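J.: Following this message is one structure expressed as structure tokens.
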Amino acid sequence: MNLQIIILAAGQGKRMYSDTPKVLHHLAGKPLLTHVVETAQQLNPDAIHVIYGHGGEQIKSSLPNLPVHWVHQAEQLGTGHAVLQAMPHIPDDAYVLVLSADVPLIQVETLQSLIECSQRQNPDHSVLALLVAELENPSGLGRIIRNNQGEIYSIVEEKDANEQVKNIKEIYSGVCCTLANNLKKWLPQLSNSNAQGEYYLTEIISFAVQNKTPIRSLTTKNSFEVQGINNRQQLQQLERIWQQRAANQLMEKGVTLADANRFDLRGELYCGKDVYIDINCIFTGKVVLGNGCKIGPNCSLTNVTLGDGCEVYANSVLEGCHIANDCHIGPFARLRSGTQLASHCKIGNFVETKKAIFDEGTKASHLSYLGDVLLGKNVNVGAGTITCNYDGVNKHQTIIEDGVFIGSDTQLVAPVTVGANATIGAGSTIRRNVPPDELTLTESRQKTIYGWKRPAKRERD
């Protein structure tokens, strides 16, 4: 079967009150359009056609790697007109599935069922299948009109509906599937004689009835699947639905969430056994948490891997890090891209790392900046230590070998190497390589000025 998917993404999204095209607004860390494309990909289609219009170049440049065929709708003349733009690129015998880029939570299982529905009960497969739903509040959506036999014979858009029609709870989701040959016959016949002066895709229902093409409907069990996004309130509502579903899936697999309503996933989260996640944590990109990991409140993890038994304390930010087993991080720590910790390491409060590689058992417990640095095993970094890695033009590396003890308030001016088991005295500025097994410090005499008087404030007149 040749399957062609059309995604409608040309709308302006006026009610978003934004310079950003609606389909680029993010839900769970990804643009709305990306959600729909990723769902479409799971159906293994022969092609995905994205109809773009308003802000089209911005959409294409923002999502250059989407595996889609871009189709331009120069004038936004309605959904039927939008689908028509893609038809020259689609074979007559293909099945066409029409989706909307602002309906991001449609499930692949539902779409598979709809495609199957479009192939039933007719030898030549010439069936029009519609995805419908029963909603308590159908305001703004097209209503399904059925005859006395329960057969669909029309869809009436909200702006064209009278009060009797508006009371109908069954709505059309905007998702349909049929043969391309049907659409190629029906779409050129569309009229814009309606309240919005647009060419509605829903008018193809009347042509299907005239041609005696069977119309089948599939009712989704989950109303969120067909909820569209037209304003920021609806975006927030679907965000919470997505997050609640993600939280439930994690808890079903054994993850403990302190509060599922205060959890945010903006990518992929893979957890081992007995993982605990406290409130207000944000996971972005791909995050892997090993067995027994604990994440404290108000933490942000982006593209991070934690080994077994790690604990991240409150208010810590980790990005682009790989952490081995039994490490302790935070509170108030910042681990930037390129940080790697071997097992049993500790990064304490107000420590920032960047491109820092720690070997086993190394600790930096307080108030330090460690950038572009290699640290050996069992190194102790005192409070206030800074690797001075930038000369104004280039970055330079610091190497700290096994067993080094660095006293508090030390500056290591890179490039510099500290030999194994060396000790650096507190308050030192190290500009040259330090020999192993020795005490190195930079000393300035302590001086007392006797009889010195602290300046006193003058009284104002």
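All residue numbers here begin at 1 and follow the chain in the order shown.
The backbone N, Cα and C atoms fix where each Cβ goes, glycine too.
In case it's useful when we look at the structure, here is the feature table from Swiss-Prot:
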ACT_SITE  His366  active site, proton acceptor
BINDING   8-11, Lys22, Gln73, 78-79, Gly142, Glu157, Asn230, Arg336, Lys354, Tyr369, Asn380  UDP-N-acetyl-alpha-D-glucosamine binding site
BINDING   Asp102, Asn230  Mg(2+) binding site
BINDING   Ala383, Asn389, Tyr390, Ser408, Ala426  acetyl-CoA binding site
REGION    1-232  region 'Pyrophosphorylase'
REGION    233-253  region 'Linker'
REGION    254-461  region 'N-acetyltransferase'
J.: What same-chain residues lie close to the region 'Linker' (233-253): Cβ under 8 Å, and 6 or more beyond its ends?
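T.: Apart from its flanks, the region 'Linker' (233-253) reaches 16, 25, 27-28, 104-105, 224, 227, 260-261, 263-265, 269, 271.
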J.: Do me a favour and check the Cα-Cα span between Leu8 (UDP-N-acetyl-alpha-D-glucosamine binding site) and Ala426 (acetyl-CoA binding site); whole Å is fine.
T.: 65
J.: For the binding-site residues listed here (Leu8, Ala10, Ala383, Ala426), which one has the lowest count of neighbouring CB atoms within 10 Å of its own CB?
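T.: Relative to the other binding-site residues in Leu8, Ala10, Ala383, Ala426, Ala426 has the fewest Cβ atoms within 10 Å.
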J.: Do you know the mean pLDDT across the region 'Pyrophosphorylase' (1-232)?
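T.: A mean pLDDT of 93 is what the model gives the region 'Pyrophosphorylase' (1-232).
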J.: Of the binding-site residues listed here (Lys22, Gly142, Asn380), which is spatially closest to Asn389 (acetyl-CoA binding site) when Cα positions are compared?
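T.: Closest by Cα: Asn380.
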J.: Asn380 (UDP-N-acetyl-alpha-D-glucosamine binding site): which of the binding-site residues Tyr390, Ser408, Ala426 is the nearest Cα neighbour?
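T.: For Asn380 (UDP-N-acetyl-alpha-D-glucosamine binding site), the closest Cα among Tyr390, Ser408, Ala426 is found at Ser408.
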J.: Quick check on the binding-site residues: of Gly142, Asn230, Asn380, Tyr390, whose CB has the lowest count of neighbouring CB atoms inside 10 Å?
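T.: Selected from the binding-site residues Gly142, Asn230, Asn380, Tyr390 on minimum Cβ neighbours within 10 Å: Tyr390.
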J.: Using Cα coordinates, what distance in whole Å links Tyr390 (acetyl-CoA binding site) and Lys354 (UDP-N-acetyl-alpha-D-glucosamine binding site)?
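T.: Computed Cα spacing between Tyr390 (acetyl-CoA binding site) and Lys354 (UDP-N-acetyl-alpha-D-glucosamine binding site) is 12 Å.
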J.: Per DSSP, what is the residue tally for the region 'Linker' (233-253) in helix, strand and coil?
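T.: DSSP classes over the region 'Linker' (233-253) add up to 20 helix, 0 strand, 1 coil.
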J.: Where does Tyr390 (acetyl-CoA binding site) sit in DSSP terms: helix, strand, or coil?
T.: strand
J.: Pop the Cα-Cα gap between Asn230 (UDP-N-acetyl-alpha-D-glucosamine binding site) and Asp102 (Mg(2+) binding site) into the table, whole Å please.
T.: 8
J.: What is the biggest Cα to Cα gap, in Å, among Ala383, Asn389, Tyr390, Ser408, Ala426, the residues listed as binding acetyl-CoA?
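T.: Roughly 22 Å, rounded to the nearest whole number.
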J.: Checking the binding-site residues Ala10, Lys22, Gly78, Gly142, Asn230, Lys354, which are within 10 Å of Ala383 (acetyl-CoA binding site) at the Cα level?
T.: none
J.: Quick check on the binding-site residues Asn389, Ser408: which one has the highest count of other Cβ atoms within 10 Å of its Cβ?
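T.: Answer by Cβ density within 10 Å: Asn389.
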J.: What's the CA-CA gap between Asn230 (UDP-N-acetyl-alpha-D-glucosamine binding site) and the residue listed as 'active site, proton acceptor' in angstrom, rounded?
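T.: That comes out at 48 Å between the alpha carbons.
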